[in-house]
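One structure is given here, and the rest of the page talks about it.
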Amino acid sequence: MLGKGVVGGGGGTKAPKPSFVSYVRPEEIHTNEKEVTEKEVTLHLLPGEQLLCEASTVLKYVQEDSCQHGVYGRLVCTDFKIAFLGDDESALDNDETQFKNKVIGENDITLHCVDQIYGVFDEKKKTLFGQLKKYPEKLIIHCKDLRVFQFCLRYTKEEEVKRIVSGIIHHTQAPKLLKRLFLFSYATAAQNNTVTDPKNHTVMFDTLKDWCWELERTKGNMKYKAVSVNEGYKVCERLPAYFVVPTPLPEENVQRFQGHGIPIWCWSCHNGSALLKMSALPKEQDDGILQIQKSFLDGIYKTIHRPPYEIVKTEDLSSNFLSLQEIQTAYSKFKQLFLIDNSTEFWDTDIKWFSLLESSSWLDIIRRCLKKAIEITECMEAQNMNVLLLEENASDLCCLISSLVQLMMDPHCRTRIGFQSLIQKEWVMGGHCFLDRCNHLRQNDKEEVPVFLLFLDCVWQLVHQHPPAFEFTETYLTVLSDSLYIPIFSTFFFNSPHQKDTNMGREGQDTQSKPLNLLTVWDWSVQFEPKAQTLLKNPLYVEKPKLDKGQRKGMRFKHQRQLSLPLTQSKSSPKRGFFREETDHLIKNLLGKRISKLINSSDELQDNFREFYDSWHSKSTDYHGLLLPHIEGPEIKVWAQRYLRWIPEAQILGGGQVATLSKLLEMMEEVQSLQEKIDERHHSQQAPQAEAPCLLRNSARLSSLFPFALLQRHSSKPVLPTSGWKALGDEDDLAKREDEFVDLGDV
């Protein structure tokens, strides 16, 4: 059969030249099987999706040793995706495709997910862009989700090659208008078919009621108020229609500089301290205007800094922290470690893996973000300080750090609904420019910075270190990162709520028609069946038990901070910067005054951070209280499931965390069955139990990169780099050489 073939020309070590020469072109053989093939292969189109161009007799390579095996089929390009329709797709094992995305298939690439396109001309790899004078014999597509697709066009008709290559380059790289995104085509065509999930209780923060609810939940309504001064975006297009500011702040101050220079509330701690953010005022040269701005900021500052009762610490993220350029440069280097064209290239880079990883600085950037979040947590939790985050537009690093702080301090944010609501509040309503940062329109490459991916990587570090504390899994985080590039959801395709609201109208003469109903990414039923969604929920997570009124009354005298941050009892006197359970207001006031003088002392802050960090990690973890990550060198790891999932050689068959989780689920099922028998004996009502995902029950067949890596598809045979096998000597000598004794010591 021609469904699978082998061709030469692999990268790296060259394979021996085959002696057999075929004089029959593949398209001639396909002519005899054309009717059968057309019945087996079907292009599935979404509502509003249109086919633009296609090419037949395309060979899709898979990553394999020195030879390159592949599958023949059709390569098509629509206004939504690039898709490969293989001739033997029906041969896939159903067990391997249970975690299947209903929107994007295994061989589908959304146009927004394409990162770089390369062509191979006479075994030379070149970047493709613009109009081509010569068309390649091989097409390589690097995706933003780190997949690598290789297509051989050697047996495709010349006209089809020109059409498909030109079409893919144009529709993935040419600048677009916002209204020309597939998002609007889909919403228009599927307007009557979009059904929202009734179980989705994510707070969208698009109403005043949502903000009031959040204030009440965090007990922040004593000092802060929700305002509607920007309703209809009359004051500022950058801000949401509703947000929260300090109660003493007059609403006319919000209008004075179009929302700039205003402390906007993010979250309140149980001890009364709060996390706020502020965008910078416009830069002015005129001394008179500068003086007006200074007096304005002095007045604003007094609303949140009223010593000794309230002390504020400012964190200027624009000048004293990471730059967006650093993040982009680091990620550009980092992602190259995983965009592997073939197995030989993988093993070549394996020798220098650690040096390449270190030189990218990506893990160091993650560490710095987590450390900054811990520092702010220490100020709020231990020193009762308000913290004000400063940034030029308060829409990048402010979103990142404020979200991490809330994840560490608020257990509600570690539930799935709480986490989704957090992203809605801090990122979507916070004005993070997803459209520019993801470069969805391809208008300005310099604006593309993976700030949200950095946030998800930081969250993964917390999930990896403290799995029982989170209701969601790393698989949830991985599919969330993939959803950045699926243009049927509005969540990650606008720069601000104003931009979304002003573009929700239908195009056409009928101006009285209803606005478009855009889907939200939080409706996971659009992408996954219920069975697949079980992998997004952590079976080891246990909700915090609710106390009855009698228990709450008995515990009311204790300070809430003690429940989340156990402190060393042997220390008789409190260290500087740590408030204990003193009730004497005078002592607290004096401590407040002393700390306010030391705000700018970096040594003192570093000492406070180290004591706070060490003290927390020396105690047992309360998964429903304060949660701090380890940030030492070895503790910050590579998010293997996201970055290595498409590399067959990186899999551990029947091993990794998925094997451990499978065993734990077996134990949970056994405990649940015993509990059911006990309940039956006592004739009590059986409580609904969470069913263990059947996908995890046979761990021996699973990969460490489950559920993304498919097993028994590729060879995982190591390939020694050229430099390695040459150093070992002649092949005959290797066969005769006896095994050397290696002392492993205590290993």
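Glycine is treated like the rest: Cβ placed from N, Cα and C.
Note that the structure is a prediction, hence the values are computed from the model and not measured.
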Ask   = Considering the residues Ser90, Ser318, Ser602, Ser716, which is the one that Swiss-Prot annotates as phosphoserine?
value = Ser716
Ask   = Considering the residues Ser564, Ser615, Ser620, which is the one that Swiss-Prot annotates as phosphoserine?
value = Ser564
Inquiry  = On the 0 to 100 pLDDT scale, where does the region 'Interaction with MTM1' (449-558) sit on average?
reply    = 85
